[in-house]
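According to TrEMBL, the features are:
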- 31-51: transmembrane segment (TRANSMEM)
- 63-82: transmembrane segment (TRANSMEM)
- 102-125: transmembrane segment (TRANSMEM)
- 133-164: region 'Disordered' (REGION)
- 192-211: transmembrane segment (TRANSMEM)
- 231-250: transmembrane segment (TRANSMEM)
- 270-292: transmembrane segment (TRANSMEM)
- 318-339: transmembrane segment (TRANSMEM)
- 351-373: transmembrane segment (TRANSMEM)
- 379-404: transmembrane segment (TRANSMEM)
Amino acid sequence: GVCSAVSLFWCVGVGPFLVATGQDPEVAALAALYLRLLVPGLFGSSLNFALQKFLQVQGITKPPLFASTITAAVHAPLNWLTIHAMGFGFRGAAIATSLNQIITPLVVLAIMNGFCGEWISLLLLPPQPESSSSSSDGDLAVPTDTTALSSSPPSVVGGHGRREPAKLSSSEAYLRCWPGWSRSGALDLRSLAAFLRLALGGIVMMMEWWASEIAILMAGVCDGAVGVSTMALYQTTNSFIFMIAVGFQVSASTRVGQHLGSHSPRSAKLAAYVAPWLTLCTSSGFGLALILGRHQIPLLFTGSADVEALELAQRVGLTYPFLSVYVILDALSTVFGGVMQGCGHQKQGGVIVLLSYFVFALPFCAFLAFPLGGRGLSMGYMGIVAGMTLGTGLQCAGNWFVVWRTDFGADADKAKNWLATTLRGTGQSESANERSLPATSNTVKYQELPRVSIKETSSVSVY
């Protein structure tokens with residue numbers, strides 16, 4: 001439904017909207033055409049993000065990695081084919097992007113269903129780790145919940161880690177990820193309402209992306225095509241580095257969510273504190289690279305030695321000192337946000353995004369960028385870059401404060417109570433779950449560790 005509404009806007013309303021916001025009519029027309037060609041990829045990208053989250057909360061990361069590796073390998077040749085060989089120009093870039101965004105979730109689904117061959121499914125879907133019947137709070141290992149797989153043969157889910165390819169069918173490979181539909185769960189309005197409350201908080205947390213796009217529109221209003229092109233390359237560099245932070249975010253949210261689901265608050269707290277330090281080290285390296293390469297890196301985007309391209313590269317280079325600070329703050333904020341998602345604190349994260357960007361950063365950007373009747377500073381796109389950097393700093397501080405004040409023990413209790421309530425709502429019981437498990441010494445019982453944190457499965461991304 002969301003994708004349909006967005007695609008309708010892209011096809012019909014985005015051109016008039018851009019013109020109404022003060023953009024150059026020619027730029028608006030080209031942007032509208034580009035977005036229309038991206039509509040198929042919108043649906044594929046949305047499905048891909050949903051599948052990634054579905055697998056990540058279960059600790060399964062190899063299928064999305066395998067699919068992304070395939071599409072990344074063909075992305076550059078496909079762009080060359082559509083842009084240069086077929087002569088589609090910038091339209092070819094949109095076509096190639098859409099094709100890649102459609103292929104990626106199809107490959108993931110094929111792996112989940114075992115259609116890529118048993119050896120690929122066995123390689124990419126993780127084995128069941130061995131676990132004793134008792135676990136300590138400080139244990140960082142996250143075993144697999146076998147309750148959803150009670151109907152599978154012991155060689156697959158018995159906890160011994162031994163694989164028998166000939167006995168693993170496509171459906172059994174899929175059941176490693178998903179136990180099936182639950183009619184009672186789908187009709188449980190209380191559970192759906194709880195899910196939507198977390199989902200809406202997650203959506204608001206993603207409005208940081210909207211703030212970045214609004215910043216580009218503001219640059220187009222104050223500096224025309226020059227501002228749009230400069231901010232576009234600025235955001236391209238930012239997005240490239242941001243993907244590194246996303247990896248740490250996924251790891252942090254998954255580990256924290258799983259440890260809370262297994263009622264291991266100390267392990268969750270350790271994961272929540274380790275991830276930001278790793279992120280700080282990595283993002284600081286990128287920030288230093290931006291400072292040192294501020295005159296060379298922009299030339300990679302222009303691909304030309306004419307005067308106009310060199311001027312564009314010079315303008316982009318002027319933004320890199322701000323960007324070097326921004327990427328560090330944004331990376332930390334992203335990882336703190338991942339911890340908050342794992343704890344089910346999407347609501348607090350959404351409030352922080354609204355205050356940081358829509359109450360402070362964007363109005364401050366307008367003050368720095370526009371004359372405002374003599375009350376503004378008229379800094380143009382540089383003012384927008386500075387304002388967004390300050391807004392990201394506020395978001396980082398707010399997210400850090402929430403994580404610092406988080407009571408992981410209380411969140412672990414909430415996760416346990418929520419899971420118990422969900423099981424009662426679906427007609428399951430703890431004793432029934434235990435009786436359905438294979439009788440092995442390594443079986444992980446339900447009350448010790450549910451495979452998926454309910455809070456984590458409720459953190460969604462909408463694009």
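Glycine too: its Cβ is placed from the backbone N, Cα and C atoms.
Relative to the transmembrane segment (231-250), the listed stretch 379-404 leads the set 63-82, 192-211, 351-373, 379-404 in CB pairs under 8 A. Ranked by number of Cβ pairs under 8 Å to the transmembrane segment (318-339), the listed stretches 63-82, 270-292, 351-373 are led by 270-292. If you look at the transmembrane segment (351-373), the same-chain residues 6 or more away from its ends with a CB under 8 A from one of its CBs are 204-205, 207-208, 211, 214-215, 218-219, 221-222, 379-384, 386-388, 390-392, 394-395, 398-399, 402.
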